[in-house]
Structure formats: structure tokens, C-alpha cells
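Scroll down for the structure; my scribbles are underneath it.
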Amino acid sequence: MNPALTGVLADGGVTTGEAVTFWILAPIALAGAIGMVLLRNAVHSALSLVLTMLSLGVFYVLQAGPFIGMVQIIVYTGAIMMLFLFVIMLVGRNTRDSLIEVLRGQRVAAILLGIGFAMLLGTGLARGIGSIPAVGLAEANVNGNVEGIAKLLFTRYIFAFEVTSALLITAAVGAMILAHVEKKPGEKMDQKVLSRARFEKGNYPGPKAGPGVFATSDSVATPALLPDGTFTERSVSKVVPARELTIAEARPKAVNGSKEYGAIK
Amino acid sequence: MDGYLGSYATLGILLLVAGAFFAVAYTANRLLRTNAPSAAKSTTYECGLDPAGGDWAQAQIRYYVYAFLYALFAVESVFLFPWATVFDALGMITVAEMGVFVAVLALGLLYAWRKGVLSWTTA
Amino acid sequence: MNDIQLPPIDYAALLPMLIVFGLACVGILAEAFVPRKHRFAVQATLTLAALIAGLVTVIINRDLEVTTIGGAVTIDGAGLFLQGIILVLGIVAFGLIAERRLERGGAFVANAAHAADSDGDKKQLNEAGATEIFPLTLFAIAGMMLFCVSGDLLTMFVALEVFSLPLYLMCGLARRRRLLSQESALKYFLLGAFASAFFLYGVALIYGYAGSVQLVAIKQSVLDSDKSGVLLAAGLALLAIGLLFKAAAVPFHVWTPDVYQGAPTPITALMAACVKAAAFGGLLRVFNVAFETTSWDWRPVITAVAMATMIVGSILAVTQTDIKRLLAYSSIANAGYLLVGVVSLGGAVGSSMFYLVAYGFSVLAAFGMVTLVRDADGEATHLSRWAGLGKGSPLFSAMFTIIMLGFAGIPLTSGFSSKFALFSSAWDANQSALVIVGVLSSVVLAFPYLKVVVLLWLNPPGDETPTVSVPGYLTRAVVGVGVLATIVLGVAPSWLLDMVNSAGTFLAK
């Protein structure tokens, strides 16, 4: 297929292009990884992880593994990171780590042990493979990288491949168990039931709040929520109640399902 | 510009050129326009009440299932690429192999459909 | 291009796994299409049928010795016996999972998506539990079966994930004390993902050393390779971390008490019996097939781990006040005893498998009886609540006493015969230090078990002593089988010992 693909690295050496790209991207990858740990905003954290993953994808391509490089970019930076961001949006962007350590000295111990482990593995690997030239790349990629992978995946590792589908379906079913409430046959509400419920006593029949708004109503009498969940009185107009509504109607409406004003802390 | 890395180098140079174009265009814009900031210009232009709180809204958990199904089928489609390259060499056997794999995953979609995950309005 | 050929696949050898995987998929299909009120019956029947059919095919295959799919799967005597153990213990654990008479709707939550203690959660308190639990159990068991017969580390990794993922999920599906259950699932998942990463890193390094991930090829390259041993040592260390995590060996045991306590008790039982068998099946295979010739390198480390596991497990078990945590620490200590079998290599494979059978039955019965001691809030697991149960429920207490004596290793119970078999084969393999530590730690470990026995019989019942529920027939069967096995394997263990010894060892070609 692509004879050039095999030639460059056949002797196991490192070409200038590879070295230059590595020294540009390696600091970026590291910065992304460090940023992911240190940044306080979870979204920024996730985005710096994307940076690391993209750099890793380029590294794979550099090392004559274009398929795994593309998979890294499509699946990890695409799909998996999207899941990450979804989770962050679910949990709350403003949710920060508490700085209280449950086990004393855990943080320091974790950092020290982590650095120690990295150094041990790094020096060990440098000693173990530093001088050994890469072999077998030319044979592995003889018909192109993708075909080389396909040849293994669909012959010798076919059982592992098929069993992966069991893994994926378990994950899918698990996600649905944890995130989806199944409606029972009788529970499905039709238009009539819904509109009845809407005009029932105690409900404010005005238009509902838009999606994503943290309130059950966008009536002007509904106070806005501050980020800590408390109401801001300033957001309720002082003029409306006196002119048009009875006192009961003018009471600030319940938010987020609670019946009583101010029930949310 | 030949060899394995050469073809990627072309891509890299294109990327650099694109970045440079972007930078030049915006810098030129910045240099050429007049710049007179004032406090009034940075307030929200909107009638009614001042916005309170942050701009962040919590997402519904059911969006997650869609995102997850997407990730699942992204993984599946990634396996289709190598499969396509050996498909003619091995013939019907790989069709069966891939068929089993896709069928098991389709089972997940079927499950999602029957559980009402895919229809939005039943909430 | 045309040199691609599918390696020969021996479908008969794979049949037990194919049946369980296939019927798990059918279970998902049933979940989607069977009407809600029939789902439980259909799923339970399907699961039991899959496990029994799997067991029957394993028995039919019993003399098979074959390496298939180009070495990805190795079916041999020991592998088949381990598959058989997993299936038998799985059938028994199924009894606990399917039990719905102790509590309305069973031990599992109806809709896990309702936040704990929310309005929706309060409404579903008496609803029937989620039936997805059955296909998930089947996937887990099929993964464990594959784990024990994997011929290469890649297949082993996929199998590890296949059996772990359903377990992570099921840990979070308890009907009662849901926050505790979800916390346990999260802990297990995070630490398990970490362990998997270690495993994978180890596989990569070993591939770098041996140029192959096949266990047999690794063994061969150890003999011929002139490469630096650093790669092999580092790879083996990381691989061992991944495996020892699943086996709950010290210092990779920290998840065990929390997960055992938080998970629904039937799932805890499944983990204690089947996952233990699978994890040690994998450990025994990896060390016996791939790394037997490098035993000088890893033996000191694993010996230290085994000693630490036995000592820490037994000492911490003494301080526990919750029966589920006590059993968790006892399972850690038992992992230590089983590691003695791993260190002793070839000669101890049979007695390790015997130990897995004996321990599996006893622990299933123990957790089965834990589900029976209930008050209004579900299971009463604090030990103080068990004081004086012997007065009101003598039969229950007698059975629990038998199990506890079995765990303590009193003669005429399976605990004694299995420990004796294991330690004597370790002694023959010149692991006398390990045997001494093992015997001493089992003396320490006898203390918490006997404490429970004393608590049951000699303490006066308090006002708060909960009742022992009249068990449904399923739990009754599980407890009966477990207690019976504890006695039979203690009084007449020779037939099973003959069986494990004639099952042979791992096929290394």
C-alpha cells in the first residue's frame, strides 16, 4: 500500500521530523496533564485533558501507528471527552473539590508516591529499552497499518473482539439503568391529564420556564436563584403584586418542586 | 516532502499557515480599528431586570444516555475501518464476525428503544 | 494480502462460554420485549438455564485439552475445573439473587435512576426490583469463565473488564441504604479502573520484553531472551497489581470492606465466591504457565504479599463490629491462604482449587444467612444486634455456628480439610515460612469467628434483637447447600481431592 510508511523507521532510528514534533508536543502534552490536575474549573480541566489526548494522538501517528492515532482522536478526544463534559455539566461546573483531607497527609503521600513511581518506571524503562532498536515495525505494517491491525483483530483476537461487544452492551445497559426511569404503561400522561394538572389548585398556570432554567415558572413573581441556591429578593418586582394579584398569588412561587417558598437552602 | 512523515508534514505546514492567517487577520483588524472602551459599553444591553447568578445551568441526566450511545457507536464504527480492509480477503467469515459484533450492539439500541430512552416526550 | 487465515476454532471447547454469553444477550432481548409482569420469571428461568447448560457442557468437555483460536483460549483440565467451580457457585449465588420472599421485590432497587431518598425513591420502595440484574450476572459469570481459560494477556484483559463492569454496576443497585451502595459501587469502579490500567501497562511492558502477549510465548522468551530483565520485572509487577487487586490481596485490599458492606448482599456473596475463584484462576494460570521459570524473581514479592494479606486480614477481622465487614476481612485473609497456593506453583494448583470450592460454598451460606437477620430497615448487620439470636432461632444459629467453625478451620469441616490440603502441598513445595504464618494467622482469625458464635449463644437477647426471617425456598436451598458442603467436604473430602488432582494442571503449549 504505502511503501513509504515502512521505510522511515525500519532501522528503529528517530528522524529529525519525528524528534522536532516530539519536542514541540511533549511539553504541550505534559502541560495539559498538569493543567488537568491543577485547574480549579472542571471544564478547563477537561479541555486541557483534550490537549493531552490530541498530542498523544499525534505521537501515535508519529510512531507509525496512524490507525491508533486516529482512534485516539475520534474515540477519546471526540466521544469520551464529550461524555466527560456531559458529566461535568450534570454534576455542576461550580462544584469544587473540598480541600479538607479526610486522611491526614494523604495528599503529600500521594504526590510523593506518584513521583517515586514515575521515576522508578522511567529510569527502569530507560535502562531496559533505551538502547534497544525497535524491530518488527516493517513486518507489522507491511500492508499498511490498518490492515496489519485488521489481520490480528479478525483472526487471532477474534474472540476478544467479539467479547468486547458484551462489554459495550453491559456499559450501555448500565448507563440506562442508572440514568433512565422507565415509565410504566399507566404512567404516561396524555394532553388532557397534563393540562388538568397544569390548572390544578396550587399550580401557577402561567408559561413554564425555559429549559435549563432552575425554576418551575418564569412568572415575574418567581424570584431568581443565586448560585448558592438562595433567592434574590431584588429579582422580584415590587410593583406587580400591588396592582394585579391577590396576596396569595403574589407570594413568590415554589421553585424546583418544593411547595414552600424558601424551602431550598 | 515524501516518506511516511512527509505527508504529515504537509498537513502540519497547512495547519501553521492556517494559524498564521488567522493571527494576521485579527491583528490587522485590531491595529486598523479605533479603540475607545468605556464602562457603559460593557454592560448588558437588555431591557428588564439585571441578570442574577452565573450563566451555568445543570444539564438533564437524560442527555447523558444520548451522549453515551454516541460513544458506543463511535467505538463500533472505529472497528469497521479495519474490518473493511480484510473483508475481501476473508470473505463471508468476517461478515459473520462483524455481524455478531454489530448485532450485539444493536441489542443495546433495541433495549434503549423499548425502554423509551429514545423518545423525548414521555418524560 | 492473501496470507490472512482464520485460525481453527474449536466451538465445542468454547460452547460453555458461548452458551452463557448468548443467553445473556437473550436476557437483554427479554428485558426489552417481555411484558413487565412476566419479566422476572422469564429472566430467572433463562439465567438458571444458562448456568446449568454451561455446567453440563463443561462436564461433557471434562477430558478436553485443546488450545484454540490461535492460542487465545486454552481449554485444559484446570481451566475446565475452574469454569465448573464458577458455574456451580454461580448457580448457588443465583438463589440469593433471585430471592424475593425476604423482602418485597427482592434485594435490588426498582429504578436506580431515582436519586436516593427522593420522592420517586420513596414511591418505589415496594416495587419489584430491576430484572436487568440477571443478564448482568450472566455477563459477569461468562467473563469469569473466559478469564480462567485465556491463553493470552489481551483476551485476559478483555475478560477481566467483562466480568468487572457488571459487578461495578450491580454493587450500586441495593434496595436499602442506597447511598452506601452507590458509594461502594463508585469506590469499586474507580479503584478497579486503576487496577485495570496497571494490568494493561504491565501487558504492554511484557509485550516489549517477549514480543508476544501469549502466555506460552512469554514463557519461551523468558528462556531464550537476551533482553534486559527490567522490562519483564516491571511488567510482571504491574500485571500482578492488576490481578492481586481483584483477588483482594494486601495492600490492594482497601476496597474490599467498603464494597462488601455496601453492595447488595447477594452480589457480595457472588463476589466472595465466584470472583475469588476467577481471580485466583487467572493468577494461577499466569504464574504457572507464563512465569513459572522466573519464579526466583517474583516469589519473594508474592510471598511477602501473601504474608501481609494473611496477617492484616486476620488481625483487622478481630476488630470488626459489622458482620459483613468481618466476612470481608475474612475473605482478605483467605485470599492470603490462596496466595500460598499461588506461590507454591504446580503442586498446589489442585489444593488451591479445592480451597476455592470449600470457601465458596461456606461464604455463600454465610452471606445467605446475613440476608435473613432483618428488622424494619432491612438487614441488621451490626454484630451487637446478633447477640442472643440462639435463643429465638436455634436452627439458624446452629447453621451459622457450623459455617463459623468451618471458617475457623475446626476439624471435620471443609475449612480444616481445605487448609490442611493447601498447607501440606505448600509444605511439600518448601514454603514452610508461609505455612507457619498461615497457621498462626488462622489461629488469630478463629477468634472473631468464635466471638460471633459466643455472641449468638451465650449473650442474652436484647430488646433490639431482630427476628430471623423465615427464608424463602431459594435462600433455604442456598444455605442448606452451603452448610451441607461445609460438612461433607470436611468429613469426606477425598472424592473432591481426587477430582481436583485428576483434573490436571494448566496446559502450557
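Glycine residues also receive a Cβ, built from the backbone N, Cα and C atoms like all the rest.
The domain 'NADH:quinone oxidoreductase/Mrp antiporter transmembrane' feature in TrEMBL is assigned to C:150-443.
Annotation comment: TrEMBL describes C:12-33 (among others) as transmembrane segment.
Within the same chain, residues 15-17, 19-20, 22-24, 26-27, 30-31, 34, 80, 83-84, 87-88, 90-91, 94, 98, 100, 128, 131, 134-135, 137-138, 141, 145 sit at least 6 positions outside the transmembrane segment (C:40-60) and bring their C-beta atoms closer than 8 Å to a C-beta of that stretch. As annotated by TrEMBL, transmembrane segment applies to C:40-60 (among others).
Residues 16-17, 44, 47-48, 51-52, 54-55, 58-59, 61-62, 64, 106-107, 133-134, 137, 141, 144-145, 148-149, 265-267, 269-270, 273-274, 277-278, 281, 353, 356-357, 360-361, 364, 367-368, 371, 474-475, 477-478, 481-482, 499-500, 503 of the same chain, all 6+ positions outside the transmembrane segment (C:80-98), place their C-beta atoms under 8 angstroms from a C-beta of that stretch. Marked as transmembrane segment by TrEMBL: C:80-98 (among others).
What TrEMBL records for C:186-210 (among others) is transmembrane segment. Here the transmembrane segment (C:186-210) has Cβ contacts under 8 Å with residues 153-154, 157, 160-161, 164, 167-168, 171-172, 217-218, 221-222, 225, 227, 231-232, 234-243, 245-246, 252, 254-255, 258-259, 262-263 of the same chain, all six or more residues outside its ends.
Here the transmembrane segment (C:230-255) has long-range neighbours at 153, 160, 164, 187-188, 191-192, 194-196, 198-210, 222, 275-276, 278-280, 282-283, 286, 291, 294, 297-298, 301-302, 305-306, 308-309, 311-313, 331-332, 335-336, 338-339, meaning same-chain residues at least 6 beyond its ends whose C-beta is under 8 angstroms from one of its own. For C:230-255 (among others), the entry in TrEMBL reads transmembrane segment.
Residues or ranges marked as transmembrane segment in TrEMBL: C:267-286 (among others).
Under the heading transmembrane segment, TrEMBL lists C:298-319 (among others). Within its own chain, the transmembrane segment (C:298-319) is flanked in space by residues 236-237, 240, 244, 249-251, 253, 287, 291, 326, 329-337, 339-340, 342-343, 431, 433-434, 437-438, 441-442, 444-445, 447-448, which lie at least six positions past its ends and keep a Cβ under 8 Å from the stretch.
Annotated transmembrane segment per TrEMBL: C:326-347 (among others), in sequence order.
Within its own chain, the transmembrane segment (C:353-373) is flanked in space by residues 78, 81-82, 85, 88-89, 92-93, 95-96, 99, 102, 107, 265-266, 268-269, 272-274, 276-277, 280-281, 323-324, 327, 331, 334, 337-338, 341, 379-381, 385-386, 389, 396, 399-400, 403-404, 406-407, 414-415, 417-419, 421-422, 466-469, 471, 475, 478-479, 481-483, 485-486, 489, 493, 496-497, 500, 503, which lie at least six positions past its ends and keep a Cβ under 8 Å from the stretch. What TrEMBL lists as transmembrane segment is C:353-373 (among others).
Taken from TrEMBL, the feature transmembrane segment covers C:394-413 (among others).
Residues or ranges marked as transmembrane segment by TrEMBL: C:433-458 (among others). Non-local neighbours of the transmembrane segment (C:433-458) in the same chain are 303, 306-307, 310-311, 313-315, 317-318, 320, 323, 326, 330, 333, 336-337, 340, 343-344, 383, 386-390, 397, 400-401, 404-405, 407-410, 419, 422-423, 426-427; each lies 6+ residues outside the stretch with a CB under 8 Å from one of its CB atoms.
Taken from TrEMBL, the feature transmembrane segment applies to C:478-497 (among others).
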